[in-house]
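Novice: Feature list, courtesy of TrEMBL:
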TRANSMEM  A:21-43  transmembrane segment
TRANSMEM  A:63-82  transmembrane segment
TRANSMEM  A:94-111  transmembrane segment
TRANSMEM  A:117-137  transmembrane segment
TRANSMEM  A:144-165  transmembrane segment
TRANSMEM  A:196-214  transmembrane segment
TRANSMEM  A:244-265  transmembrane segment
TRANSMEM  A:271-290  transmembrane segment
TRANSMEM  A:297-313  transmembrane segment
TRANSMEM  A:325-344  transmembrane segment
Amino acid sequence: MTRSLNEPRVLDLARRAALSAAVPAIGGALALTTLVMLAVGVNPADAYPALIRGAVADGNLEYTIAAFVPTLGMALAFALPLRAGEFNLGGDGQMAAGGIAAAALALAVPLPPVLAVVLPLLVAALAGGLVAALAAPLSTRLRVPAIVGTLLISAPAVSLASYLVRFPLAEQGSGIAQTPVLPDAAHLPALGGSGYVTLGLPLVVALTGIWLYADGRTVLGYEMRARGHNPEFARYGGVHVDRLAGYALAGGGAFAGLVGGLIVLGPPYRFVDGALTAPGYTFTAVAAVLLAASRPLAVPVAVALLTVLQVGGQGMEREAGVPSQLTQIVQGLIIVIVAVLATVRRRAAE
Amino acid sequence: MNIFELSFLSGVLTATAPVLLAALGGLICQVAGVFNIALEGQLLWGAFTAVVVSDVTGSAWTGVAGAIAATVLFSGMLSAASVGLRADPIVVAVGLNLLALGLTGFLMRRIFGSGGTYSSPELAGLPTLAELGLDVPVLGPQSPLVPLALALVVAAAWWLGRTRSGLRVRAVGQHREAAEAAGLRVGAYRHGVVLVAGALCGLAGAQLALGNVTLFSEGMSAGRGWIAVVAVMLSGVLPYRLLLACLLFGFAEAVGFRLQGARLPQQAADAAPYVITLFALVLAAVAARRRPKEAS
Amino acid sequence: MSVPAAELVGVSKRFGPVLANDGIDLAVARGEVHAVVGENGAGKSTLMSILYGLHRPDSGHVLRAGERIRLRSPADGIRHGLGMVHQRFRLFPGLTVAENIVIGAEPVARGRVDQETAHRAVADLSAKYGLRADPAAQVGGLPVGVRQRVEILRALYRQAEVLILDEPTAVLTPAEAGRLFEVLRTVAATGVAILLVTHKLTEVLAASDRVTVLRQGRVTGRFATADTSADELVHAMIGRSLAAPEPRRRSKPDGDPALAVRDLTVHDADGVPRLSGVSFAVRPGEIVGIAGVAGSGQRELLDTVTGLRSPGRTGQVLLDGAPVVQGRDPRVAYVPEDRHGRATAPEMSLAENLLMGEQHRLATRFGLPRKTVRARAEQLTERFAISAASVDVPITALSGGNAQKAVLARELTRQSRVIVVEEPTQGVDVGVRERVHALLVAARDQGGAILLQSSELSELRELSDRVLVLFEGRLVAEFDADATEERLGQAMTGVLP
């Protein structure tokens, strides 16, 4: 009955990966993308190499890695509550709240080194967590699904951050809506002389590891998954399901807030209005998590893949003149195909 | 600011119409048991296709027809995936909303050559009722789609409450297995409402891009589809209550619009509809908890 | 015999590994009541679903009045004059009785559903067959007996010439069942062919003209009711004669009550009382049964005793003298009726389903070690003879009986003195049923205080040391284990003994 941890397990994993929804989903999405390209008169033979070059060649790899960090963070922001059965689509607002909170603290309070980085990040996580947690009582007490609640709360949060950066926290004399540059002590150290990649990378990777452990091997993770699978079962088992929804959303929001903080504390070391939400980390992350199809270990892999697609898309736009919105199309298609495959497979299993 | 001015009331109606049309689509889906949260994407797609067709043909009415046709097609993806193949409607809708955003941004650059906002003298907007010779207060400055939206509320109430297909749609939404056992073709009704919702979102998009304004800008649905989803939740699937919920939103947007003129930052105007919608949602839910039955 | 009203020829149907129907032939004539009997899982419901068009057979076909017909959906079945009354009613709670009956063939006038004509048609049918139901009432608030009449009326309204009833008496009291059989006689007398699916032999003998017996998907006997006996039918159903029931070993309850309920009143969200002034006690070493027609307050009682329900409650629930903890009292073991909705998370693994409730006890400082979780699951799987490919498979991959054994394994090993059990053998085969009963008796003998709710009177009488009867939210009677089903039934319908 017990399976050995040796070779067969590895083979089994490989087989399951190949048969999982991810491979046909990506394949299907790429096929449809190619069709879209052909339909609008773009030569895929030009576009795809441009996409790959845009993601990995000529120093672009560094930029791709830099984009991987916030995307992975936002993937955790979506995946953590999802495991407990709550959809967090309000990542933008939580991220903006975190970013503006971190910037405000770093600008207002002169802090000694190390603390000048750590405290703003903590405050960012706190701010993001609070914004997300607002949706929890809406969901558990008032039966407003979190998918709606988080999204509705997100928009005013983004507006509030935008207001703060334009007025109370604005850099005087600049035409751009941005804060002044943060004090040097609050700059996240760059990694190995890189211009973009900071200490945020190991931090987010470590947090991902902690999440994976907590999800699979702790009581909290078990109870969250039980709630996600069947809330009535969890309630029957004595789990405090409502409290858990609050923890899950707050936890997700904290990741999103932290991502906002990491962006602000990284180059160009200030909060620029719209710079957090414009790259679309939130929905790239949503697509990646859904692509991973409730296999937590696959989340970082899916994030890496979609980040390459996202960054490469900009290269494709520069080189081949294909609008980078193509990557959004691909992400949307991936999500739809994953959803369809999930049901088709479940029905085939029955 | 005087909210009793006729021009303000007119502004409320203008802001209400697109949300109301989309919300009507959401409502009939809800009645049939389909949770449709792809309204945002459908609305955006409707707005875009209305502008493209109107721009190409020079006729706003062809634009409206084109938007309806294109959005029904777009909704076909939702109905095929979530009704036909029984995929999770929430996940499918998340994907379709993203797809609509990507498709409109992408095609806009391919067709009009640049992103951001597109407007042109060639782009024909919908005529106002005043221009059509019906110069009455409040409705005069509106496109004919606005009174149409109001009429559709009445039509939806009649259809769902009185007609055979309306009864069947309600039955399908109440109990899937029972409907099958009674010999009703559940899938057909569910496909049907999703496609009709597509047509309504096409109308909503056309009103937004050719009625409220005459332009297309990226992401111009700006959360209205989500507000429509909330309006459906607030309505208790009753069309007249849906109208009230949408009017509340229109009121919030009109107030926000006025506030901009009154030295308040634009961010407050942007946030106003969401904040008011959230408050309405909370109040309605609290009220529903206070007196749990009565409504049903 | 003339051409049968309906005939199934060589029908086979497979669900995954289970061959539910294996080459079944069955014919029913106009005007006869034809009983289809067999144990749970013998394939009766599948066969009837095929006849009605809900399932399609893998092979074989259906004849209707001698003509071969193709059934792709219930719509086809209805069109060919078939009607079905489902075990779990297929009604629309938010629609009226008349709307539920006419739906699919609504009278229409000037674009609208003609409510007046519909109401008149329903009233006429009601009167003709003696099936009383108010056409204007909303179905959601009606008692089960009336709902069943609505289903029968719907089939008659659609002019069914073959009427299938799937376990129609499962939700009825003995008296209501008697009235139902009278109605069926009236209906049959008009030339309708009636298929009565049941596993209760007394009903078969009392109400049918002919009997077809199924076992493990095959026909194992065909009888004219007048020429057969209960023994013969049992033999065909289970392939052996029923052993004489063992004399029940009563255990003597002793000590203070483990569970005491005092003057419990529960109101639902609308302020309607669901339980009124209920008081009773369960002592260690006894099984107390709860009887009552569906919706008499059983749900509210069990949810309150387990702590799952809190709002709208007055009175006391004491476990070993201390009030019940809200949320889910860990001192209560609880086997719920709803196996997929409450007792398990179908897509989680068997091991994780067996873990619920024990997760804090098994946790270490570093979390929840997988090895411990699996080891415990494997131990339970072996001890309770749960057959599963491994403890890592999702519990939905297990058969209903094995899933139920898993739930019992989890709950009976909680070391709770108070054990609440709800419909413990619903949808499991006879072997599992015996095993489940043995487990419950063993738990009682080890000092368990068991509160047992079951809609099967035979099960209640077999297991309980005492039976309490709920009627409209009140405890109206208490019987010892020797009470007859008739007396229980009278109490369940408010006719006090």
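Positions of Cβ are set from backbone N, Cα and C atoms, glycine also.
All TrEMBL annotations are machine predictions without curation.
Thinking about packing and proximity, how do these listed features fit into the structure?
Specialist: Beyond its flanks by at least six residues, the transmembrane segment (A:21-43) meets 291-293, 298, 302, 305, 320-322, 326, 329-330, 333-334, 337-338, 341-342, 345 of its own chain at Cβ-Cβ distances under 8 Å.
Within the chain, the transmembrane segment (A:63-82) has long-range Cβ neighbours (under 8 A, six or more residues past its boundaries) at 55-56, 88-89, 91, 94-95, 128, 132, 146, 194, 196-198, 200-201, 204-205, 207-208, 211, 228, 245, 248-249, 251-253, 255-256, 258-259, 262-263, 266, 279, 281-282, 284-286, 288-289, 292, 296, 299-300, 302-304, 306-308, 310-312.
Under 8 Å from some Cβ of the transmembrane segment (A:117-137) lie the Cβ atoms of residues 77, 81, 86, 88, 90, 93-95, 97-103, 105-106, 111, 144, 146, 149-150, 153-154, 157, 185-188, 242, 245-246, 249-262, 264-265, all in the same chain and six or more residues away from its ends.
Same-chain residues lying 6+ beyond the ends of the transmembrane segment (A:244-265) with a Cβ under 8 Å from its Cβ atoms: 69-70, 73-74, 76-81, 83-86, 88, 90-91, 94-103, 106, 117, 120-121, 123-133, 135-137, 139-140, 146, 150, 182, 186-188, 198, 200, 203-204, 207, 220, 223-224, 227, 234, 271, 275-276, 281-282.
Panel annotation: around the transmembrane segment (A:325-344), residues 21-22, 24-26, 28-30, 32-33, 36-37, 280, 283-284, 286-287, 290-291, 293, 306, 309-310, 312-313, 316 of the same chain, lying at least six beyond its termini, place a Cβ under 8 Å from a Cβ of the stretch.
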Novice: In terms of Cβ proximity under 8 Å, which residues at least six beyond the ends of the transmembrane segment (A:94-111) contact it?
Specialist: 70, 74, 77, 88, 119-121, 123-132, 154, 157-158, 160-162, 164-165, 169, 179-180, 182-183, 185-186, 252-253, 256-261, 263-265, 270-271, 276-277, 281-282
Novice: Under 8 Å for C-beta pairs, could you tell me which stretch among A:196-214, A:271-290, A:297-313 has the largest tally with the transmembrane segment (A:144-165)?
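Specialist: If we count Cβ pairs closer than 8 Å to the transmembrane segment (A:144-165), A:271-290 scores highest.
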